[in-house]
Amino acid sequence: MMKKSICCALLLTASFSTFAAAKTEQQIADIVNRTITPLMQEQAIPGMAVAIIYEGKPYYFTWGKADIANNHPVTQQTLFELGSVSKTFNGVLGGDRIARGEIKLSDPVTKYWPELTGKQWRGISLLHLATYTAGGLPLQIPGDVTDKAELLRFYQNWQPQWTPGAKRLYANSSIGLFGALAVKSSGMSYEEAMTRRVLQPLKLAHTWITVPQSEQKNYAWGYLEGKPVHVSPGQLDAEAYGVKSSVIDMARWVQANMDASHVQEKTLQQGIELAQSRYWRIGDMYQGLGWEMLNWPLKADSIINGSDSKVALAALPAVEVNPPAPAVKASWVHKTGSTGGFGSYVAFVPEKNLGIVMLANKSYPNPARVEAAWRILEKLQ
């Protein structure tokens, strides 16, 4: 009898730990505030907007100023520059193009840009561009490259440091070119394709590449060394770092990416899943199309340390996953993003139906963003 009682007690303990009581909105707010308020003070961030997706439902929180000079507060409608979180939109749009049969990741880059006649481009595929494994394309396209002719010259003159697929080196010039070439045969501009194929179907009505005049009042200023700034235009900027969005739209973006089964357009649904497929393994991290994934559960150190620029921007050996592994629900899926005056972070765990969006109008170190997100989600799981 004693043995049976102990077994029952153990089962009850396991049950309670597995099925913890659901958090109230106030409890969620307290957890978020206890992390974000000191973060803003430590990093001198003028304004932030955070969304929590908890049990599939979004909760929104805002702090501080979107425009210091005019004393405009951050609201749920405030537009923030996403920086490299824009790459996740690029990846999903590319996935939609693949699902439609309009491109293949195995296609050579030269199929879509025949003017690239340099021998170094032989053997480089769209997959290599999308996943930063072409052989060492640089982080940025030089600022003096200002038109299409100069862009072609830049890529023609580039010389790889490694064979395609040997190493991953994070680069706007890599995934940016993927985005541009992925839509080339559609007859649409990248912005038009993004709007029609991704933003409109997902009802992201406040997500922009070019912020229209009617939305300028909601466009936050970013702050760099205390001065207000907006991102400067550049070649392939839309594809690599050019999206602006609100916390409400970004929560909707996370919800769609966390569970694509509710997305009505089948090719977009497949595109979302393709963006979270695993194409390469780099240490503990798996590279998708825009998104980066780690197996869940995991230790905080692995994502916090991995987000540091010394690691994230380093050339690291890449191990091909062939065939690519489909999206894994037990994953920490995430992406950081920065422009001169903004810092963003998005992370979610599909298996837990749990996610976070952090938007700030100051760029601050990635590890601080990831650690804050981890602290919050750890208390909510």
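Just so it is clear, glycine is given a Cβ too, placed from its N, Cα and C backbone atoms.
Annotation source Swiss-Prot lists active site, acyl-ester intermediate at Ser84. Ser84 (active site, acyl-ester intermediate) has a Cβ environment of 21 other Cβ atoms inside 10 Å.
Taken from Swiss-Prot, the feature active site, proton acceptor applies to Tyr170. Same-chain residues at least 6 positions away in sequence with a Cβ under 8 Å from that of Tyr170 (active site, proton acceptor) are, in sequence order, Tyr132, Leu139, Ala312, Leu313. Taken residue by residue with DSSP, Tyr170 (active site, proton acceptor) is part of neither helix nor strand, so it is coil.
Residues annotated as substrate binding site in Swiss-Prot, with similarity to another entry given as evidence: Lys335, Thr336, Gly337. Other C-beta atoms found within 10 angstroms of the C-beta of Gly337 (substrate binding site) number 25, with every protein chain shown included.
If you look up Swiss-Prot, you'll see 1-20 marked as signal peptide.
The record gives Lys335, Thr336, Gly337 for substrate. Within 8 Å of the mean position of their Cβ atoms, the other Cβ atoms in that chain belong to Leu82, Gly83, Ser84, Val85, Lys87, Thr88, His334, Ser338, Ser344, Tyr345, Val346, Asn366. Listed in sequence order, Gly83, Ser84, Val85, Ser307, Ala312, Gly343, Ser344, Tyr345, Asn366, Arg369, Val370 are the same-chain residues six or more apart from Thr336 (substrate binding site) with CB atoms under 8 A from its CB. Under 8 Å, Cβ to Cβ, and six or more positions away along its own chain, Lys335 (substrate binding site) finds Ser84, Val85, Lys87, Thr88, Gly290, Trp291, Glu292, Tyr345, Val346, Ala347.
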